[in-house]
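Peer 1: From TrEMBL, for reference:
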type	residues	note
COMPBIAS	556-570	compositional bias 'Basic and acidic residues'
DOMAIN	125-234	domain 'Ig-like'
DOMAIN	245-328	domain 'Ig-like'
DOMAIN	347-409	domain 'Ig-like'
DOMAIN	416-501	domain 'Ig-like'
REGION	548-570	region 'Disordered'
SIGNAL	1-27	signal peptide
TRANSMEM	515-537	transmembrane segment
Amino acid sequence: MESKTAPSCRLLFCLLISAAVLRPGLGLYTVNSAYGDTIIMPCRLDVPQNLMFGKWKYEKPDGSPVFIAFRSSTKKSVQYDDVPEYKDRLSLSENYTLSISNARISDEKRFVCMLVTEDNVFEAPTIVKVFKQPSKPEIVNKALFLETEQLKKLGDCISKDSYPDGNITWYRSGKVLQPLEGAVVINFRKQMDPVTQLYTMTSSLEYKTTKADIQMPFTCSVIYYGPTGQKTVHSEQAIFDIYYPTEQVTIQVLPPKNAIKEGDNITLKCIGNGNPPPEEFLFYLPGQPEGIRSSNTYILTDVRRNATGDYKCSLIDKKSMIASTTITVHYLDLSLNPSGEVTKQIGDALPVSCTISASRNATVVWMKDNIRLRSSPSFSSLHYQDAGNYVCETALQEVEGLKKSESLTLIVEGKPQIKMTKKTDPSGLSKTIICHVEGFPKPAIQWTITGSGSVINQTEESPYINGRYYSKIIISPEENVTLTCTAENQLERTVNSLNVSANENKEKVNDQAKLIVGIVVGLLLAALVAGVVYWLYIKKSKSASKHVNKDLGNMEENKKLEENNHKTEA
């Protein structure tokens, strides 16, 4: 049976306690326990045969004992002394092993197991050590940014609830930072909670950064001791924005400066390589010594060729840090002479020139009626086929959208020119008369018979191509005639005539016609005679057939009579 109150000191125990001896061969024994775990302390003494009871005590800093547990060897009962800090936390086993639950920092003491006999007291001391793992270190109070060549506080590394206290180490990109005068300053401090007796460690880092620290991770760690030895816990990485002054200025041109043409808008952009980058600059235009204050961009609208030149920009507070670029505004001029609609006479000369003025070499292409020409046109003596729509096109291949073109509509006019030809058909029955006409605008053709003035309307015309076409008629004159071809346009009326003789084979043709008629009539008469003969033949054949049939009938009757006579005789 257990009791919460220990008995009063018996006389024998009180006399012997002063004479207690440490069992030879037993030195100091240490039990390591984690904070919150159960502390288990074996007695480490052999239980004697004449044991009366066993007790546990701990020693105060002044050496005075505080008894906390008692167990009788005979009654097997356990009694715990009224010690507030160990209330409901103790457990004493039959082999006198003492257990303390929910280990605290205050449990770090020198505990002693005592086995008492009638004539002696034996002791075995145990030292208790309690360890508490600190929280994961965290970098707090971080600087919003760091500036190069300036010693500035980077942040605080803090780790809480440690026992015993630990140590904090700073790292840059995984390498330990050691204090360095004027560059790395580390201040470490610790604070113990008077209630829990746990430590909070804080380490402040002041750091003089450089551009090499851009995107470099900073971390910290806490090194502490646990029941099994030394351990380390690391914080999360922290990356800081590094501010540094501008060391170089560059200027950009949009669109790309090799493709700028007249009429474009140009954007100049000035960039400083500092962090943060400068927000304002001075822009210098060609021929203007004074800079124009602006943001990091300056816009030129509807530029002309005279905008070609050097453009610069600089820092406002450091004009010696300057950048420049050369801009060429590309242009393209085309002059076609003559141009528009031009009317010339056939046989005239017409010089044509297409003059190009450009910021660089340009390509020139000539087109006629949407067909590309191999070379530029040149007219020393105009022909009707030279008429058409001519276009001179030019472009700068490297500059998108920069091209020009002008057109020339050439009209070649001419008075009508006539040439007449005739051709007799091989049979000699007809003649083909052709009136070849050349001229522009297209002449109208009219055929007439001289003398009678009759107009011939049944004609055949060819297509009108390159100022030329013809009109054709086919006639069979019975007498000599004169045909007149008239061609007329807005410029002039031209007339030409051609004598055509009558057909020489006229009588021969008539005789041939009479012969054909005679042959046809002869053939018709012969067919008529043949028809009559055939009819008579058919008629005669039908009469003969009737007589034959009658004779055959008489022969059959005679035969039947003979047969009947033979039967009678038999």
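Including glycine, each Cβ sits where the backbone N, Cα and C put it.
Automatic prediction, not curation, is the source of TrEMBL annotations.
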Peer 1: Looking only at the domain 'Ig-like' (347-409), how are its residues distributed among DSSP helix, strand and coil?
Peer 2: 3 helix, 31 strand, 29 coil
Peer 1: Determine how many residues of the domain 'Ig-like' (416-501) DSSP places in helix, in strand and in coil.
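Peer 2: Computed counts for the domain 'Ig-like' (416-501) are 0 helix, 54 strand, 32 coil.
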Peer 1: On the DSSP side of things, how many residues of the domain 'Ig-like' (245-328) fall into helix, strand and coil, could you say?
Peer 2: 6 helix, 39 strand, 39 coil
Peer 1: Counting each residue once, how many in the domain 'Ig-like' (125-234) are helix, strand and coil under DSSP?
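Peer 2: The counts are 3 helix, 70 strand, 37 coil.
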